[in-house]
Structures are given as C-alpha cells and as structure tokens.
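Taking it in order: structure first as structure tokens, then the write-up.
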Amino acid sequence: MGKNVVVLGTQWGDEGKGKVVDLLTERAKYVVRYQGGHNAGHTLVINGEKTVLHLIPSGILRENVTSIIGNGVVLAPDALMKEMTDLEARGVPVRERLLLSEACPLILPYHVALDNAREKARGAKAIGTTGRGIGPAYEDKVARRGLRVGDLFNKETFAIKLKEIVDYHNFQLVHYYKEEAVDYQKVLDEVLAIADILTAMVVDVSELLDSARKRGDFMMFEGAQGTLLDIDHGTYPYVTSSNTTAGGVATGSGLGPRYVDYVLGIVKAYSTRVGAGPFPTELNDETGEFLRKQGNEYGATTGRSRRTGWLDIVAVRRAVQINSLSGFCMTKLDVLDGLKEVKLCVGYRMPDGREVDTTPLAAEGWEGIEPIYETMPGWSEVTFGVKEHSKLPQAALNYIKRVEELTGVPVDIISTGPDREETMILRDPFDA
C-alpha cells in the first residue's frame, strides 16, 4: 500500500523544506509541486554540493524519482529553461525526470512588469514581493484570461490570445503606471522558441497520480512558501497569491483529498520573514543579528536579508489547525547553539491589555501586539551535524519537547545542518 506525504512550511517560508523533500524522496516514486512559482527558493546540499531550485521539484536529483509541476503552479518558461539548463550542465537528465500539467498558467514578461510597477507605486506600503510576476499571473488565471502551458500546442491560437492580453496589460502599464509597454513580438518569439520543449513534458497529472496511487507508489507533495503566507489564511495582504496550506494539494495537483496520508510541517527552531508584514517576535537587536548570521538568513531567491525572531508557537498552532499536521520536522536547531537562553512565544498581549492565544486573521489585527514569552535555558554544546537523538544536549531536548507540548504535534524529524545526512528521522512519514 502506497503512502502520500505532504511537506509544507508552518511559518513565513524559508523553513528548510527543500532539504527535507530531497531526503525523504529516497522512498518516493513521484514528487509534486502544487502551488507557487519561481518565487520559491529550495536549497539542497548533497555531499557538500549546493543546489538551489526555484521551480523544479526537489526530487529532481534522484534518478528513481519523477518530478511533476502541477496545475496549481504558475510557470515562467524562461525561469524553467534556465533551471533545466543549469541542471543538465551538471549531468542531471531533467527532461527524462520532469513532467508538467498542461493547466499550469504561464508567467510572461508583462506579469513581471506589472508586479514591479505596482510595488513601485505602493512606495512605503509595498508588500515586498519577489518581483517575479507571481501575483499578476494568478490574477489572470482567476480572471480566466491567462495563457496556460496547454495553449502552446496551437501556436497560431496562442499568438492571437497573447496579442489580446498584451494589449490589455500594456494599457494599464502605460496609462496608469506610466511605465514602458511590453513588446508583444519579443514575448511571442521567446515563448514559441521553447514551446516544443515544454509541450513534450506535458502529461495528464491527475490521471497519472491516480494510477500511481492504485499501484501503491509512494508520492510526495512539496509546498512552497509557508502557511502564514497563504492567500486565505495568512497575514493578508502581506501574503503570496496561492494556497500554501495542505488544502492546496488537491486543487493544485488533482489528487483526491482523501488520499493524503501524512502532513509534515517544517518548523524552523526560530522565526524568519522576508518582506513586509506582521512579525510579533521580531528581534532588532544583537540576538536577531546572531540568528541571521548563524542561520545564513539571506533569501535563496532574492538575496534579501531575512527578518529574524523567536519561535512563535501561537502562529505555529494556527498552522497545525489549518493543515491537520501529522508531525513536525524541526530545522536549524543548531543555529540556537551558544545562546544562554531561548524563548518561545506562547501568547499575545493585545493593545487593550487582553491576552490571547490565537492569531488575528488580517494584518490590521496584528498591529500593536506584544509577544508573551516563556524563557528556557539555552545550551553551549554544538548540535551542528549531530545525527543521534541521544547525543543532543538536554536543554535542546527540553526545547523540542516543549514545542511538542505546546502544539500537540510530535517532532518526527530533526535537522542539524544543511546536508542531506545531517538529519535525525525519529519517525519516517512513509511508515507513520
């Protein structure tokens, strides 16, 4: 009997999902991306060699795994080709291992132009997007005017549809944002030049996954970003434009919702956030800088330095609820090495003095919130690279146990370094 495992972030992204997916795919036949786009940055370190993936699933480096980009992903053809070329230059036969849904919306240059024009116009109120056209591409999808991978099968019809949509968006770019128009012919030529490469990888993803399920194959579904960036359940409007939560698996891949067996939530041992938006436990002091440097907290996609803070249990509990988490993988425990004390946010004090233990829904509700902390002893011992649970410092074990107690979810995997091997699997999701 096969197992279907979902791996997703429980915070604001950058929790370390890529490494965990890569590790667990040793037993998987398929790895599926079901939302987001090349705004994701999944870093893998295998035998000391670093690979950063933005669009292609993290199972691509394993020869026994088929990687799939599902319909919930917005696909930038140029970004995909660059990623494929880079991997192929290293000997990875991407075209033999990668499949696409024909329903993937395409991200094209006018989406990028709109994304950047809007951020510029917002000024101090900018959301902090990656500027890669993700939001505008999802807008076109919902408005039913977007172009999809499947449109590339008929190039004449594609050209007609593209002209209509370029004219539509150029009107907004030129007359509202006072920016330069996007060149229709240039966009058309660039896309058609690689159209046959993309269409050659197209498959009926829902049918494929259902057949795999019936055969008993193990499948993994790889989330991007994190729960608190979900378009519906995140800190709106400082969110991404897709459903980053477990509910997005069914809609973004075509797998029936009853066929998810285990949901693994990746939780970093502290909190980080890129871009604007609420962050109650943010540390703008020496400890915050310590976490940033020790954790190398700089975005794999944008290179921006990440905001850092203590682990927010209140926010993580919201992720537990929304995703019906089966277990946690705690990452970057080693970054806390050397701190005399560590803190967990266990509640919020509202501006009117009330104490609450749930997160607000919209960004406005987070204004003026103060974190309520529980302080625990830190540890001086080095946990980096430790591969045996019994060899972790007692204070670190106490920290992990307290997270389990406060969330009601077991920590099934512990990561103590970036390499695939620097991991303790206490309970394998495929065996749970």
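Using the three backbone atoms N, Cα and C, a Cβ is placed for every residue, glycine included.
Together with ASP14, GLU15, GLY16, LYS17, ASN39, ALA40, GLY41, HIS42, THR130, ARG144, GLN225, THR240, the IMP site in Swiss-Prot holds one more listed residue from ARG304, ARG317, ARG318, ARG349, which is ARG304. Considering only the recorded positions HIS42, GLY303, SER305, GLY16 (GTP binding site) has HIS42 as its nearest partner by CA-CA distance. HIS42 (active site, proton donor) carries a strand DSSP state (E or B).
Annotation for the binding-site residues GLY13, GLY16, GLY41, GLY303: lowest Cβ count within 10 Å of the residue's own Cβ, GLY303. It is SER305, among the binding-site residues SER305, THR416, whose Cβ has the fewest other Cβ atoms within 10 Å in the structure shown.
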